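Data first, discussion second: the structure below is written as structure tokens.
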Amino acid sequence: MAMVCLSDFEAYAKKYLPKTAWDYFAAGADDCNTRDENILAYKRIRFQPHVLRDVSMMDIRTKILGTEISFPVGIAPTGFHQLAWPDGEKSTARAKAMNTCYIASTYSTCTLEEISAAAPGGLRWFQLYIHRNRTVSRQLVQRAEALGFQALVLTADLPYTGKRRDDIRNGFCLPPHMKLKNLERDFEGDDRSEYGLPPNSLDPSITWNDIYWLQSLTHLPIIIKGILTKEDAELAVRHGVQGIIVSNHGGRQLDEGPATIDALVEVVEAVRGRVEVYLDGGIRKGSDVLKALALGAKCVFIGRPALWGLAYKGEEGLQDVLRILQDEFRLSMALAGCARVSEIGRHLVQFSKL
């Protein structure tokens, strides 16, 4: 079967992954409206292409926090990669041949040390959940910095886990051989929930002041993930973060919230260029990447499509997913009349009235 677009990888993963693993990756909260809207919202944005522009030499590189990447797509933090491929996050990290950014999750099934060793030259950021046991979180941050991770991504939209109906119906739990390797020793002897940690181990009391606490622990730039409003974007800037990821957790937390591409506009306007703004959720084509950049995103991150690539053929499958997105993005740019990323702007798109 020829793998031509990302939906081909989705179909493969749905067919060949165990049902509980597929349902876990695919799950949205409640009715899954926000999950689905993340994708549908792109269809309401139309291009306004410009012609007779010299697009014979294309440059799709960009920089995030000063580091150059081959094109403006990175790998979002997602958990439990061993559910998709035996080598798990080590295979994800090895897809560095595409020269982009990988955000490793707190809930990885490989250790930070294993991820770092798998791709010693790669651009890696570390995603953090803050736990009630602050010593656990502090040690994770310090390990990540010591291992050469270049930024800290704080997930801000998960004080509690959203209700994902299929996981409940399936009685989802990690297979016995699979562990949350970065937290394995921290909760020894405790009862474990379906996600491999003690129930209520996350700290729901975190506030904006905890940004200052993180800043006291690390010299790494801090990016906050889960911003959807101009008010929170302004607060993020005021508290000294270096970046914002517009995200609704893939529609897995609060259902009926905005699609991320819709929320992007007000976040970008609120930030006014003071910090970099990124986006995840709903990216399925290279033209989606172009739309996000036209509306002000510096880079986008893919979650589920990366897992589909892993399920297909490990690091090689993930590289195939990234390569398809890269080729589609380059083509969309050229057909819209842009030869360089710096030429992409708001003039390229309009919102459909449909």
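Note that Cβ sites are derived from N, Cα and C of the backbone, with glycine treated the same way.
Listed features, source TrEMBL:
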- 1-354: domain 'FMN hydroxy acid dehydrogenase' (DOMAIN)
- TYR24, TYR129, ARG164, HIS249, ARG252: glyoxylate binding site (BINDING)
- 77-79, SER105, GLN127, THR155, LYS225, SER247, 280-284, 303-304: FMN binding site (BINDING)
- HIS249: active site, proton acceptor (ACT_SITE)
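The binding-site residues shown are TYR24, ARG164, HIS249, ARG252; of these, the one with its CA atom nearest the CA of GLN127 (FMN binding site) is HIS249. In sequence order, LEU6, SER7, ILE39, TYR42, PRO305 constitute the residues six or more apart from ARG284 (FMN binding site) in its chain with CB-CB distances below 8 Å.
ARG252 (glyoxylate binding site) and ASP280 (FMN binding site) have their C-alpha atoms 13 Å apart, to the nearest angstrom. Largest Cα-to-Cα span within the glyoxylate-binding set TYR24, TYR129, ARG164, HIS249, ARG252: 19 Å. For ARG252 (glyoxylate binding site), the Cβ neighbour count at a 10 Å cut-off comes to 24, with all displayed protein chains included. Confidence over the domain 'FMN hydroxy acid dehydrogenase' (1-354), given as mean pLDDT on the 0 to 100 scale, stands at 95. Working note on the binding-site residues PRO77, GLY79, GLY282: by count of other C-beta atoms within 10 Å of each C-beta, GLY282 ranks first. On a Cα basis, TYR24 (glyoxylate binding site) lies 11 Å away from ARG304 (FMN binding site). In this structure, the C-alpha atom of GLY282 (FMN binding site) lies 23 angstrom from that of TYR129 (glyoxylate binding site). Counting only same-chain residues six or more apart in sequence, the Cβ atoms lying under 8 angstroms from the Cβ of ASP280 (FMN binding site) belong to ALA76, LYS225, ILE245, VAL246, SER247, GLY250, THR260, VAL300, PHE301, ILE302, GLY303.
Here HIS249 (glyoxylate binding site) comes close to THR155, ASP157, LEU158, GLY162, GLY226: these same-chain residues lie at least six apart in sequence, with C-beta atoms under 8 angstroms from its C-beta.
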